[in-house]
Amino acid sequence: VTACSPCVVNSSMLCRKYTVLPPPRDKEEKAMLDSMLRVDHAGEYGANCIYAGQMAVLGRTQSGPLIQNMWDQEKIHLQKFNEILGENRVRPTVMLPLWNIAGFLLGASTALLGKEGAMACTVAVEESISEHYNSQIRALMEEDPDRYTELLQLIKEFRDDEMEHHDTGLEHDAESVPGYMILKTLIQAGCKAAIYISQRI
């Protein structure tokens, strides 16, 4: 039994298919896009596991519906990346089993600090993911915006969702948890390490 099951989503979320990538022109472009998709998939997978951990602790509290709503959006993100990886024969990172456990433990442990701890975790993680998406948007815009129109649209949509989660966390007292800046810094250091690793293996 795994720590979280982020791929379990409502059937209504599965009815739409996304074809967002042009056929790669060469091995270099294929490698670039594979790395980009692999880390995006890993990020959404990890986010799902974090929310699963939060719900395991706070699911029956007043914060449960708020966390569930954000998790439902992350499930849609992950499902779309699952489809894109399958369509383009991109191998997910081999680190998924570790991200599964680490994400769930991060979500659950910060939720044990209360709603504020869970929201602080959400702010830190979603800020990191948003910054990463922004860097990808800049790279694709510099490379060939017309060629990657659909991929850019998808990444921007997901980036906006992550920023909405970030702002929701701030609105729900994330900064009031004791040691907020230390906690945020540690979580974001972990996110950067996970991004670096997931891009490569």
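Placed from the backbone N, Cα and C atoms, the Cβ positions cover glycine too.
No curator has checked TrEMBL annotations; they are predicted automatically.
Quick caveat, the model's predicted, so the values are computed rather than measured.
Taken from TrEMBL as is:
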type: BINDING; residues: Glu44, Glu74, His77, Glu162; note: Fe cation 1 binding site
type: BINDING; residues: Glu74, Glu126, Glu162, His165; note: Fe cation 2 binding site
Checklist outcome for this item: Spacing of the two Cα atoms, Glu44 (Fe cation 1 binding site) and Glu126 (Fe cation 2 binding site), in whole angstrom, works out to 10
Checklist entry - In angstrom units, rounded to an integer, how far apart are the Cα atoms of Glu74 (Fe cation 1 binding site) and His165 (Fe cation 2 binding site)? => result 10
Item to check | Rounded inter-Cα distance in Å - Glu126 (Fe cation 2 binding site), His77 (Fe cation 1 binding site) | outcome: 13
Item to check | Environment of Glu74, Glu126, Glu162, His165, the listed Fe cation 2 site - residues of the same chain whose CB lies within 8 A of the CB centroid | outcome: Ala47, Met70, Gln73, Thr122, Val125, Ile129, Ser130, Asp161, Met163, Glu164, His166
Checklist entry - At the Cα level, what's the spacing in Å between His77 (Fe cation 1 binding site) and His165 (Fe cation 2 binding site), rounded? => result 13
Checklist entry - Which ones in the same chain are close to His165 (Fe cation 2 binding site), with CB under 8 Å and 6+ residues apart in sequence? => result Met70, Gln73, Thr122, Glu126
Item to check | Chain-internal residues, separated by at least six, CB under 8 A from Glu162 (Fe cation 1 binding site) | outcome: Glu126, Ile129, Ser130, Tyr133
